[in-house]
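I have placed the structure first, in the form of structure tokens, so that the comments after it can refer back to it.
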Amino acid sequence: MSGAALGLEIVFVFFLALFLLHRYGDFKKQHRLVIIATLLAWYLCFLIVFILPLDVSTTIYNRCKLAVNSSPAESNGSYVTLAPSKQKCFKPWSYIPDGIMPIFWRVVYWTSQFLTWILLPFMQSYARSGGFSITGKIKTALIENAIYYGTYLLIFGAFLIYVAVNPNFNLQWNQLQTIGIAAANTWGLFLLVLLLGYGLVEIPRSHWNGAKRGYLLMKTYFKAAKLMTEKADAEENLEDIMEEVRKVSESIKYNHPLRKCVDTILKKCPTEYQERMGRNMDDYEDFDERQNSYPSEKSLAKLHKQVIYSVQRHRRTQVQWQILLEQAFYLEDVAKNESSATRQFVHTFHSQEPENKIIQYFYTPTVEWYWECLLRPWFYRVLAVVLATFSVIVVWSECTFFSTKPVLSLFAVFIQLAEKTYNYIYIEMACFLTIFFLSICVYSTVFRIRVFNYYYLASHHQTDAYSLLFSGMLFCRLTPPLCLNFLGLTHMDSTISHKNTQPTAYTSIMGSMRVLSFVADGFYIYYPMLVVILCIATYFSLGTRCLNLLGFQQFMGDSEMTSDLIDEGKELIRREKRKRQRQEEGENRRREWKERYGNRDDSTRSRAVHTDQKESSFSETNANRSLSKYTRSNGRTERDRIELLQDAEPLDFNADSINDDPLESDSGR
């Protein structure tokens, strides 16, 4: 099994990252480089989280071997036996051979840092650029990132000059590397505590509120009112942008040098707008720059950028509106079925997507009723209690992990108890659950956060390229300090435990933080205590109240604005429900009419077509006879007339469009 666990987790994490990226990104429409870069960033960050418990168990076994080798011992198969105390150091099932983990961590860490500090910021500017060529997009991206990269180079250059001038400093390359890692981790830890403080409270509270049907329905009405406003704004913005595109398309003719740029913009527009505007190819007038003022290529690039953004936003709001409608209809069905005497779940509307037959076989209406109306609320309450317990343990450990005598961090107590018995399965499970819960608290906040319309991770393939790349940057900057914080909570970091023991392979890659003592002994230890203040602020919804005062409507039960938006959303949902009911009733009537009278209409139409064919054949025969009668007398004039008829362009005749019944023709129109 040596190295097998590492290989299995590498494959599993890849498919996990691919699944999440497929849920938020769009593989068909987005650029391949954007998909590959985001997938690589997510994959490396998830990989660090999943592989770190294996590093901990391997390190504990290596410490045991060092303790055994320092005493008289005898080897026995897969374990080493200590002579005086007969202590056994069992090799863990997931043991990774020496030399693999340092290389693995070095490749993963530096690749993620290259992505987050160099490649992904450049690709963000490249993706948002409105240039019409690769060279133009690269030029725009370099100009936008010049200040970004120049700031870091200026800080690094000033630091190098200070070190070179000051004779008290004699830093080597490894120490400079450690200082750079410490600077990156300090920035990440600053953001990590903010996101962690929010997630530790909001995740248990959201699951507890998930058991309240009335709460979820009211919040859905609130979201519907806000989303309708955003949807109307997106439609209005798209109309304005399309009007500008129409004016540009009419002003720049087919033979203008910038016409290719206009065609590129038109391809990004929705289909109905493309058909409405056309390409203006019927005007063959030559352009004259002295008589007319034409837009420049720079202004067209700006318009191109606006078109991409407005079309993406409009499509996202349309999809989100349909998803929110389905969610609201389902919650209303749950509220109605709670008092059902038959204990069978009845849907108001049938699902528009075909359901899996296996799911239909097991997930019957009776099973659905018991799950939705009885079991699911209790399951969410129990899960919320478990998550709240984990949150309390994390907050306590964050405030006390610096204490080594006595050990107050609960995670360190659990790991040390398991280390005495060398129960590697328990060690790996405890480490995995701890770091997995910390990752969920941090990463879920990244998925929930929204910075106006510039950064927003929307599910169902509605996330734009800029937001995907920005999420990859955040993950790569947050994961290394998250892992260091986890190692500090479990006292596996020698900087925290103050023990001269073998460090983990991950810590050895980070280097000794003793180079910057004020960071190792100050910031890394005392700054995480601020998570208590952030948890208290999140519990009392101070951030939500501040945003509400600033004019950003947030869901608050004791606010009049929230009540008004709930009423507005309820009316919108009721209106959409009536509209869908009328559509289904109309489809049912048409289906019943077709089932009753479809065969009769087909037979009537076939007889009418047969009669028309007979009449047309009889008329053609008479016409041929009259034509042969007068052909000799007409001579050359008649032949010229026939040639003109043959040269004429035939009409586009469609027999299905001809209908003898005027009532049917009116209904068709």
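For all residues, glycine too, the Cβ spot is worked out from N, Cα and C.
With a threshold of 8 Å between CB atoms, the same-chain residues lying at least 6 positions outside the transmembrane segment (6-21) that come near it are 35, 38-39, 42-43, 46-47, 50-51, 54, 94, 96, 100, 104, 468. The feature transmembrane segment is assigned by TrEMBL to 6-21 (among others).
TrEMBL lists 33-52 (among others) with the feature transmembrane segment. A Cβ distance under 8 Å defines the sequence-distant neighbours of the transmembrane segment (33-52), meaning residues of its chain 6+ beyond its ends; these are 6, 9-10, 12-14, 16-18, 20-21, 25, 27, 104, 108-109, 111-112, 115-116, 119-120, 123, 127, 431-432, 435-436, 439, 465, 468-469, 471-473, 475-476, 478-480, 482-483, 486-487, 504, 506.
Non-local neighbours of the transmembrane segment (103-126) in the same chain are 6, 33-34, 37, 40-41, 44-45, 47-48, 51, 55, 137-138, 140-142, 144-145, 148, 152, 184, 466, 469-470, 472-473, 476-477, 479-480, 505-506, 509; each lies 6+ residues outside the stretch with a CB under 8 Å from one of its CB atoms. Under the heading transmembrane segment, TrEMBL lists 103-126 (among others).
Among the features that TrEMBL reports, transmembrane segment is placed at 146-165 (among others).
The annotation transmembrane segment is assigned in TrEMBL to 177-201 (among others).
Sequence-remote contacts of a segment are chain residues at least 6 beyond its ends whose Cβ falls under 8 Å from one of its Cβ atoms, and for the coiled coil (224-251) they are 262, 265-266, 269-270, 273, 276-280, 292, 294-295, 300, 303, 306-307, 310-311, 313-314, 316-318, 320-321, 324-325, 328, 553, 565-566, 568-569, 572-573. Residues or ranges marked as coiled coil by TrEMBL: 224-251.
According to TrEMBL, the transmembrane segment annotation covers 378-396 (among others).
Residues or ranges marked as transmembrane segment in TrEMBL: 425-446 (among others).
Listed as Cβ neighbours of the transmembrane segment (466-489) (distance under 8 Å, sequence separation of 6 or more from its ends, same chain) are residues 21, 24-25, 30, 34-35, 37-38, 40-42, 44-45, 48-49, 52, 56, 109, 112-113, 115-116, 120-121, 123-124, 127-128, 181, 184-189, 191-192, 195, 394, 397-398, 401, 409, 411-412, 431, 434-435, 438-439, 442-443, 446-447, 454-458, 495-496, 504, 506-507, 510, 524, 528. Sequence annotations record features per position, and here TrEMBL assigns transmembrane segment to 466-489 (among others).
Taken from TrEMBL, the feature transmembrane segment applies to 523-542 (among others). With a threshold of 8 Å between CB atoms, the same-chain residues lying at least 6 positions outside the transmembrane segment (523-542) that come near it are 186, 189-190, 193-194, 196-198, 200-202, 205, 391, 394-395, 398-399, 401-402, 484-485, 488, 495-496, 513, 556.
Residues or ranges marked as region 'Disordered' by TrEMBL: 576-669.
Per TrEMBL, compositional bias 'Basic and acidic residues' is recorded for 582-617 (among others).
Per TrEMBL, the feature compositional bias 'Polar residues' maps to 618-634.
Taken from TrEMBL, the feature compositional bias 'Basic and acidic residues' covers 635-644 (among others).
For 658-669, the entry in TrEMBL reads compositional bias 'Acidic residues'.
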| Among 146-165, 177-201, 378-396, stretch most in contact with the transmembrane segment (425-446) (C-beta, under 8 angstroms) | 177-201
| note | Whole-number mean pLDDT, the coiled coil (224-251), equals 92
